[in-house]
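Participant: Handing you this structure, nothing more for now.
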Amino acid sequence: MEGFFWKTLLVVGALAIAGTSSLPHKPLIYEEAVDLAVSIYNSKSGEDSLYRLLEAVSPPKWDPLSESNQELNFTMKETVCLVAEERSLEECDFQEDGVVMGCTGYYFFGESPPVVVLTCKPVGEEGEQKQEEGNEEEKEVEEEEQEEDEKDQPRRVKRFKKFFRKLKKSVKKRAKEFFKKPRVIGVSIPF
């Protein structure tokens, strides 16, 4: 009978130890997650300047113990410090006309090791594009007026000039779009 008691106690103890689950990652509060995301951006983006957190609003759904996906939303601004200097972000002031980046990130805690994916793009980009388009339209009007002044040129020359202006405008627009694509960074996090 005494042997049965010890065997039962041993089995119950083994089940109790095996039954306790530990998280595959350490609990991560929202502020730590955002700080980690900014640090990852600074180390992996290829930018010359460091970026520092400007604003982050904790979502109501953030669960530091969750094993599911978690979402981040924050903005950061370019600082006067260069990446090559390897200085602490607390020492770096914001650039007066520094770029403000709007970022969305996802932590995938279900992966082993956990993975974070960040997508950042300049804030106010759409407003700048509209302003640039307005400026380009003004330039076109000026160019058309200039063409009218050059009435003594053959019609063929005018058509070629107009065609090449449109081509130049299209190339500039596509080049700007290409270089303003959002930066996407994905890394695994060793916890």
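Here the Cβ of each residue, glycine as well, is placed from N, Cα and C on the backbone.
Here's the feature list from Swiss-Prot:
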{"type": "COMPBIAS", "residues": "134-151", "note": "compositional bias 'Acidic residues'"}
{"type": "DISULFID", "residues": "Cys81-Cys92", "note": "disulfide bond"}
{"type": "DISULFID", "residues": "Cys103-Cys120", "note": "disulfide bond"}
{"type": "REGION", "residues": "126-154", "note": "region 'Disordered'"}
{"type": "SIGNAL", "residues": "1-22", "note": "signal peptide"}
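Provide an account of the burial state, proximal residues and distances for the features listed.
Facilitator: Non-local neighbourhood of Cys92 (disulfide bond): Leu50, Arg52, Thr79, Val80, Cys81, each in the same chain, at least six residues away, with C-beta under 8 Å from its C-beta. When secondary structure is read from DSSP and collapsed to three states, Cys92 (disulfide bond) falls in the coil class.
Annotation note: Cys120 (disulfide bond) sits in a strand segment as assigned by DSSP. Every protein chain shown contributes to the tally, and the Cβ of Cys120 (disulfide bond) ends up with 24 other Cβ atoms within 10 Å.
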Participant: What is the one among the disulfide-bonded residues Cys81, Cys103 whose Cβ has the most other Cβ atoms less than or equal to 10 Å away?
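Facilitator: Result for the most crowded candidate: Cys103.
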